[in-house]
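As annotated by TrEMBL, domain 'RING-type' applies to 15-60. Per TrEMBL, the feature domain 'B box-type' maps to 78-119. Taken from TrEMBL, the feature coiled coil covers 127-226.
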Amino acid sequence: MPSTPLQWVQQGAACPACAGPLQDAVSAACGHTFCSLCLPAHAQMGAQPSGRVLLCPLCQEEEEQTETLLAPVPLGPVGEMNCQEHGEKIYFFCKNDSEFLCVFCREGPSHQAHTVGLLEEAIQPYRDRLKSRLEALSTEKDKIEDIKCREDQKLHALLTQIENKKQQVETTFERLQQELEDQRHLLLARLRELEQQIWKERDEYITKVSEEVTQLGVQIKELEEKCQQPGSELLQDVRVNQNRCEMKTFVSPETISSDLIKKIRDLHKKILALPEMMKKFSENLERHLETDSETETE
């Protein structure tokens, strides 16, 4: 039967019988492995003429020798393989059954009509197929790595662009905040200026009114004194007294000048418009940021 090795013995292993390296290793029925010459040395004649009894040197187990009792053991990966049926070295390979063959197996009837070739000749197509597959996989791997590299570059470019846009947004809003802060300071400064001007004109008004009240007080006192004079003295200064008795029209000064009132009203209108301006600006900014570029182009 052709050999399909399932178990391997490393070349250079020791034989339990002679303690030397295994030579043409065979396996007894009990499973122990010996040199092909060591195990038959312990053979005893069996009861049947066609067979003999083998006594295992290790377990002393007697087994009836048959043709399949001494099973050649293929050597390990660094050695050669032997046929388990015939004990011959394997040189051929059956492509139909995917089996290793020795000379006797190749000449056997079961493989006469099959495609049988030398091991190296049988191995080479598989090597070529594996090599071709390896080249295809390597090419595919290089292609995938190239795609990955390009995608990584795109990703890096996008991340760099995002980082730049973040900085741009920060700078834009910082500038906007600074402009709003400057306008706030300017508006407050104008209000403080108007406030100071109001206090100034108030002081001027109070000064003028106080002066007028003082003058009237002086005239009242003089007239009171004249009223107490004798008639002869009072008649002597009739003209002077008549001039003093004439009422002067009091022109009340403006508490706040019309020019200042106009400035206050103008600024008041601008301040009233600020909330609406801020609202429109916020709505326009929000609409601008939420609108897709595709919608804008339609």
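Just so you know, glycine gets a Cβ as well, placed from its N, Cα and C.
Heads up, TrEMBL stuff is auto-annotated, nobody curated it.
Within the model, the coiled coil (127-226) carries an average pLDDT of 92. Residue counts for the domain 'B box-type' (78-119) under DSSP (helix as H, G, I; strand as E, B; rest coil) come to 9 helix, 11 strand, 22 coil.
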